[in-house]
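Enquirer: Handing you this structure, nothing more for now.
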Amino acid sequence: MARKKFSGLEISLIVLFVIVTIIAIALIVVLATKTPAVDEISDSTSTPATTRVTTNPSDSGKCPNVLNDPVNVRINCIPEQFPTEGICAQRGCCWRPWNDSLIPWCFFVDNHGYNVQDMTTTSIGVEAKLNRIPSPTLFGNDINSVLFTTQNQTPNRFRFKITDPNNRRYEVPHQYVKEFTGPTVSDTLYDVKVAQNPFSIQVIRKSNGKTLFDTSIGPLVYSDQYLQISTRLPSDYIYGIGEQVHKRFRHDLSWKTWPIFTRDQLPGDNNNNLYGHQTFFMCIEDTSGKSFGVFLMNSNAMEIFIQPTPIVTYRVTGGILDFYILLGDTPEQVVQQYQQLVGLPAMPAYWNLGFQLSRWNYKSLDVVKEVVRRNREAGIPFDTQVTDIDYMEDKKDFTYDQVAFNGLPQFVQDLHDHGQKYVIILDPAISIGRRANGTTYATYERGNTQHVWINESDGSTPIIGEVWPGLTVYPDFTNPNCIDWWANECSIFHQEVQYDGLWIDMNEVSSFIQGSTKGCNVNKLNYPPFTPDILDKLMYSKTICMDAVQNWGKQYDVHSLYGYSMAIATEQAVQKVFPNKRSFILTRSTFAGSGRHAAHWLGDNTASWEQMEWSITGMLEFSLFGIPLVGADICGFVAETTEELCRRWMQLGAFYPFSRNHNSDGYEHQDPAFFGQNSLLVKSSRQYLTIRYTLLPFLYTLFYKAHVFGETVARPVLHEFYEDTNSWIEDTEFLWGPALLITPVLKQGADTVSAYIPDAIWYDYESGAKRPWRKQRVDMYLPADKIGLHLRGGYIIPIQEPDVTTTASRKNPLGLIVALGENNTAKGDFFWDDGETKDTIQNGNYILYTFSVSNNTLDIVCTHSSYQEGTTLAFQTVKILGLTDSVTEVRVAENNQPMNAHSNFTYDASNQVLLIADLKLNLGRNFSVQWNQIFSENERFNCYPDADLATEQKCTQRGCVWRTGSSLSKAPECYFPRQDNSYSVNSARYSSMGITADLQLNTANARIKLPSDPISTLRVEVKYHKNDMLQFKIYDPQKKRYEVPVPLNIPTTPISTYEDRLYDVEIKENPFGIQIRRRSSGRVIWDSWLPGFAFNDQFIQISTRLPSEYIYGFGEVEHTAFKRDLNWNTWGMFTRDQPPGYKLNSYGFHPYYMALEEEGNAHGVFLLNSNAMDVTFQPTPALTYRTVGGILDFYMFLGPTPEVATKQYHEVIGHPVMPAYWALGFQLCRYGYANTSEVRELYDAMVAANIPYDVQYTDIDYMERQLDFTIGEAFQDLPQFVDKIRGEGMRYIIILDPAISGNETKTYPAFERGQQNDVFVKWPNTNDICWAKVWPDLPNITIDKTLTEDEAVNASRAHVAFPDFFRTSTAEWWAREIVDFYNEKMKFDGLWIDMNEPSSFVNGTTTNQCRNDELNYPPYFPELTKRTDGLHFRTICMEAEQILSDGTSVLHYDVHNLYGWSQMKPTHDALQKTTGKRGIVISRSTYPTSGRWGGHWLGDNYARWDNMDKSIIGMMEFSLFGMSYTGADICGFFNNSEYHLCTRWMQLGAFYPYSRNHNIANTRRQDPASWNETFAEMSRNILNIRYTLLPYFYTQMHEIHANGGTVIRPLLHEFFDEKPTWDIFKQFLWGPAFMVTPVLEPYVQTVNAYVPNARWFDYHTGKDIGVRGQFQTFNASYDTINLHVRGGHILPCQEPAQNTFYSRQKHMKLIVAADDNQMAQGSLFWDDGESIDTYERDLYLSVQFNLNQTTLTSTILKRGYINKSETRLGSLHVWGKGTTPVNAVTLTYNGNKNSLPFNEDTTNMILRIDLTTHNVTLEEPIEINWS
């Protein structure tokens, strides 16, 4: 609670009073003599000594010589003021000023103190009379004779006390520590030496002779109101005493004064005395851990002075000196002994450990309700709502505000109904005023009657102060009557408001006026001769008068016990209100032993970063003091917090033992949900409070051990790692018990913490991964929503499935986290009871377990079980961290019974974590869980992937492991050792936008001899480009290497925000690796922390684990399924003129994959590298990239769905091209047309058969001798034919190969202009063309058909040059040749570019000899076709030079795979420049981003059944690769097709985006018109369906052009939550709504298909098929393909025609497929179908359709294209409309309503509506309603 706000008058009076006080003190100092400064009062706090000092001594102390005056051991003789020589002389001390005022100028010498007289041995120690050495007095009333007694209480505990033998002085009436009566012990860990003249005492550890406590350093001063003793300590490492703000856990020895006197004072950057009175400190002696503690049992005001050496001096204002010295072998033992002395901590109720919300001044109950509501809604784990004094009526205890908090009892019931608790505040001060309604205040009246108040010095008049309710009296909680009254008041109020716990505040005791309403008497109690360095230097400042009387004594003596006594009284009250329950007590003021009764918070802190940091020290100090349930006000009490501060504090506060968010009046709310339901603060708070609740069984067990054994809960690091001196100063991190290390972020704007990691094995709590750190300081990256949590190896942690309250979570299954330590062992324990009954431990009503792990066996041993209700709970999960080998078997046994196999377990190799689930190990029984560990073959990473066969000798020479496997195993026999660590991480720098790390080659570990020499220094850059996309790049920072010159669409600077990022990245060490983790699931989705990483000049290798076996992509290589086969398969990638075949690298190069994760999320990974490579897939699951050059430049896309991940990839590589509308029509081609007549004959046959058909091609046979830009003799009339069919709505596409003949005897402009413009690929550093041979024939050569292929090439093929399409001049030259051919020779509408891998019919060059073997035969040759024949096989030499557009020279070695890509954009641009239309470009060779410029066909396939399903795989893969316009040669390219195969392929091919029938020369015709009428009819029907659906299909093409994504869509993209779809590849979707299920097997008339979980309609009939979420066998007659429309979608259609020119003029139709709720949506994109960039220029029509029950509406989103003849709506077909008959259909259009004719099939729920006569066009909105 905050300080009172004083009025101006009050402030003026206070200032005046302070001035007067200062003057008075000055006078006292000046007049200081033997006579007391004030009159004595008759009933002194101590009986006056028999002998008093009445005269000044005649001599002063003799100063030591300078050599014997080490300044750090000076004991100050004038502690209360600035010293003067005169005062020093009066006190008989040595005056020797120094150049630093911190060092005493006046200090004691040997003339002060006491001498020993008559020392005797007693039954429990020694006893001696001490006589004062005659010397000047300091503060008067010295006691000349005192009694010194010692007690050897235990082997570890020694007590000595110094009292007045003649007069009883005040001694603390501690309620637990009683007078020791023996027996004594003889075998102690300590010796005690007493020096006699002068007296001093030494406590010495026997084992090493080290002096622990030595008072010889200074004199004993013992007067009535001033006691002083000093001790030298053996170590500089001192911890404890309080309550003050120390900032650091280890005490600063630099002349620090720490006053102790309980005070209502908020913590600050000063030495102010605060709320508690704690005199215990601990000192660690050395790295053996030996430590000791010192406790002074004294409650009077005092100060403790700490100075170098070190020396501790006590200056106490009364009572006695009563010291306890406690010895331990460890710091933890010392604290245990202290707690056993003053009282072990209370066992909290389980719910006390839940999170609490509070604030001062909610203002009304409605506000409290809103706070509770929003935090419930945010899912914040939250057990307790607290209200401060604002709930009270006029701040009076035991009342509530009936206006602002009306309904409070009902609200409390709501909390209870939700499993939550309610805690109220009670202040001790009781108002003497009346209630708001004028009635008497019953609480006050009953207290008066029972005489329960603290009285004035007369002992009978209640002292009156002022607190929150105004004028108040103060209960005397040391009075038994008061305790009864207090308990009764608590009980009465509980009957009205059923609170669950009590928060007692202001109990220092606090008053807002000094002393009382009457002031305070001038006497030695209110104005003692010595006042410690307390705030205001006034004893009764902000409290009551020191001469006030309580049952235990004068306020002067018992003031600091007020909170202690109130806690004891409140404990008794709780027992009355909650019989036999623990409840909850939170106190602000404390004393030694308060932890037996109450928890404590650190008071009214400030919302500042430094106070958050200091809270850790405060918490650790109270752990020493025996109050483990402690915490600070999370987010700060005073001042406005900030989101960042509060977020970081919530992270820390989630691990305070007492976790409460509380703030003050007048500031913004700071409960987590106040910051927004989706704020980073809420997410982070929810995450870490969820972790807290998960760990509550562990935390509760720690409290059990604190309660029974005195162990600390929030534990200083030094308590566990005392051998390491670095731990002695750690106070910005702490432990829970021995096992959980908590490292918060404590600095504003920081995301990296310099953290010390002690000497143990540590695991990241959240991932379970083992950390490489040990006994070192690290820069721990902790971004905005993270706190460091690490589990210590060697410990077993009990956990429980969390919930939002402990009421709920306690019912959930339990689990264990086993963090394996040294030798793979671990231990732990677990305590469980009902969580609320008092004394369950003492009564034995609990369950106790011990856990241990060794030899791969977990023993779960129940050592006590007497809580029957608890046995319904069970350990359901066991998570074992640090298992380096795979686990293949788990076995479980109960009570030493035989082991049984347990199958529900998973091993996470990335994190080396075994998770065993579904165990059902009920509490109360013993169990054993056993697992095996094997180094699985699947964990082998191939060390010898080379082309030659591996042998054991070669393997061991390489430094790898050789082990043969079974005959069936495909695992490598030569593999990397698991410890392979090729590179070490020199440094890793984390920032908000990425990571930079430097790697150094480990030459000492570089025994792995890979194919080429390694690069010694590497750099890793990770860039968080977007929230869902990141890049990680590994390169040589000292030498620029080739990087792919393909432009990508990535932000120039990262635009991600930490809070919204979907991923976290970590650089791993030993070995180096990168781990990327999906935040939402914690799943590691990239993990290259594996052996085998290599970065050589011509060999780069990196492996990564995969999150599942479901991976798709990589190409272009023929695959047998859409999902990759991970059974040790390697696929090479290097563009080659290679017809598709299993594992044969083919035309394109696409190093991209998409992976599904076990949770159903998806991500994509793209490696931007264009060098030859291969990728190995293994069942780990894992993959390994090997590439022969460039760098590693990865991009990852986080999805989280397959379609979204694909869109994210397309966003980077560019959205797919928008084809012309006509390009979606059916197309015909073949290689081998003899002349134009054959083409004409085909065309006429198709038209006669009325088979829809849009595009005709000719292959290279139309050319003269296969020369580009020529027309052969047999095709001289081709241009006229093309003009004719184009006039009939057809389109024409020609083929162009890149190879340009250089052997022409006549003018060949293409070559000649190419030479002039320097466009051809050349040998490096020369002007010579690198010649090759492809299709062009030599002029004037007769082809000998009998020659072999190679002989024919040599004999008849011309030398050809390859254009270098990287050059700007080449693009210009290419465009000119295309334009000239179009304008001068023949028209065309699209271009087909082939042979652009680039393909050559010779190896490298015309001589078959290249000039650089290192490039053509690299040290490592990827697993490619013709692996031993060199990279130049059937292409050009790798050393050929190409020139990028910026003039950079590059090797063909690096850019070979970019050749087709480099040709596509120039071809696309030239086509559009030439025709002025959109057109289409079809390319055989492709690279990522190619889809921006054109389409792709799947190459020269075979007329075989197995090539049909592979075409679906290929299309779906190219959909991932960003090329939506794809298809295969329908009916097959090679070999003669056959009737049934071609039938089924025509049915399938009708739904390829690129639908072309194409075959090779010298095989039979296979066009639809070439078979028979039945075939023609089938083709006509199926193509009519395609043409009908073209508006829908075109709209889908637009969607992915605008937004990325897939048109040919795998089922898993839409139905990823249905696991069967993950394997489906013989079906596919058009967009989201149209499913195609072809027949892919010969001579069958059924097809087995998976029907996803949605409503589906048979396209042919419109009927609901009534099947979903299962496999189904469908009929499929020879002329039928199964097509289904998904419910919930609207498909725009159009009547078909001969070609799209005519179909676009037909009526449109809408297929409305209703979902289960009679809802559906769809859209139409429409433009002129051929203009360039219509979408980009807004020249299009966009219509949105919606079905809502019985009403269909359209909404015009864009009206940039209007052609009413193309968009006339002719009909509407509603499928699945429902069973209600339709009586009427109404059209609302252009403001008019009209009835429409309709036809209804009620049985099949189909409604057909006719609009043909109403001239409705889709450019205007429509509404159609049926009823």
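Any Cβ shown, glycine's included, is placed from N, Cα and C.
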Enquirer: Can you tell which of Cys63, Cys106 Swiss-Prot lists as bonded to Cys88 through a disulfide?
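Expert: Among Cys63, Cys106, the record in Swiss-Prot lists Cys106 as the disulfide partner of Cys88.
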Enquirer: Looking at the disulfide bonds in Swiss-Prot, identify which of Cys63, Cys93 pairs up with Cys77.
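Expert: Among Cys63, Cys93, the cysteine that Swiss-Prot links to Cys77 by a disulfide bond is Cys93.
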Enquirer: Can you tell which of Asp388, Asp390, Asp785 Swiss-Prot lists as binding substrate with Asp264, Arg588, His662?
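Expert: The record-listed residue among the candidates is Asp388.
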Enquirer: What is the interatomic distance between the Cα atoms of Cys545 (disulfide bond) and Asn855 (N-linked glycosylation site), given in whole Å?
Expert: 68
Enquirer: By CA-CA distance, flag whichever of Cys77, Cys88, Asn437, Cys520, Asn1403 among the recorded positions is nearest to Asn1815 (N-linked glycosylation site).
Expert: Asn1403
Enquirer: For each of Asn437, Asn455, Asn1403, Asn1815, count the other CB atoms within 10 A of its CB; which of these glycosylation sites has the top count?
Expert: Asn1403
Enquirer: Pull the DSSP breakdown for the domain 'P-type 2' (932-978) and write it out as helix, strand, coil residue counts.
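Expert: Secondary-structure breakdown of the domain 'P-type 2' (932-978): 10 helix, 6 strand, 31 coil.
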Enquirer: Write out the long-range same-chain contacts of Asn823 (N-linked glycosylation site), meaning residues 6 or more apart in sequence whose Cβ is under 8 Å from its Cβ.
Expert: Ser854
Enquirer: Nearest to Cys93 (disulfide bond) in three-dimensional space, by Cα, is which of the recorded positions Asn455, Cys520, Tyr763, Asn1235, Asn1354?
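Expert: Nearest listed residue in space: Cys520.
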Enquirer: Near Asn1763 (N-linked glycosylation site), which residues of its chain come within a Cβ-Cβ distance under 8 Å, counting only those 6 or more away in sequence?
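Expert: In sequence order, Asp1728 meet the Cβ cut-off.
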Enquirer: Please classify the secondary structure at Tyr239 (sulfotyrosine) using three-state DSSP.
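Expert: Looking at the DSSP assignment, Tyr239 (sulfotyrosine) belongs to a strand.
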Enquirer: Relative to the Cα of Tyr765 (sulfotyrosine), which of the recorded positions Cys77, Asn99, Tyr239, Tyr667 has the closest Cα?
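Expert: Going through Cys77, Asn99, Tyr239, Tyr667 one by one, the closest to Tyr765 (sulfotyrosine) is Tyr239.
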Enquirer: Sequence gap of 6 or more, Cβ distance under 8 Å: name the residues on the same chain that satisfy this around Asn1354 (N-linked glycosylation site), in order along the sequence.
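Expert: Spatial neighbours, sequence-distant, of Asn1354 (N-linked glycosylation site): none.
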Enquirer: Taking Tyr391 (sulfotyrosine) as the reference, which of Cys77, Asn455, Cys520, Tyr667 (the recorded positions) have a CA within 10 A of its CA?
Expert: none
Enquirer: Would you report the average pLDDT that the model assigns to the region 'Sucrase' (1008-1827)?
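Expert: In the predicted model, the region 'Sucrase' (1008-1827) has a mean pLDDT of 97.
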Enquirer: Translate the DSSP assignment of Cys106 (disulfide bond) into the three-state scheme.
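Expert: Reduced to three states, the DSSP call for Cys106 (disulfide bond) is strand.
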Enquirer: Should Asn904 (N-linked glycosylation site) be counted as helix, strand, or coil on the basis of DSSP?
Expert: coil
Enquirer: Under 8 Å Cβ to Cβ from Asn1535 (N-linked glycosylation site), same chain, six or more residues apart: give me those in sequence order, or none if nothing qualifies.
Expert: Tyr1502, Ala1503, Arg1504, Thr1563
Enquirer: Looking at the recorded positions listed here (Cys88, Asn99, Asn437, Cys646, Asn904), whose Cα lies nearest to that of Tyr763 (sulfotyrosine)?
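Expert: With Cα distances computed to Tyr763 (sulfotyrosine), the winner among Cys88, Asn99, Asn437, Cys646, Asn904 is Asn904.
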Enquirer: Among the disulfide-bonded residues Cys63, Cys77, Cys94, Cys106, which residue has the fewest other Cβ atoms within 10 Å of its own Cβ?
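Expert: Fewest other Cβ atoms within 10 Å, among the disulfide-bonded residues Cys63, Cys77, Cys94, Cys106, is found for Cys63.
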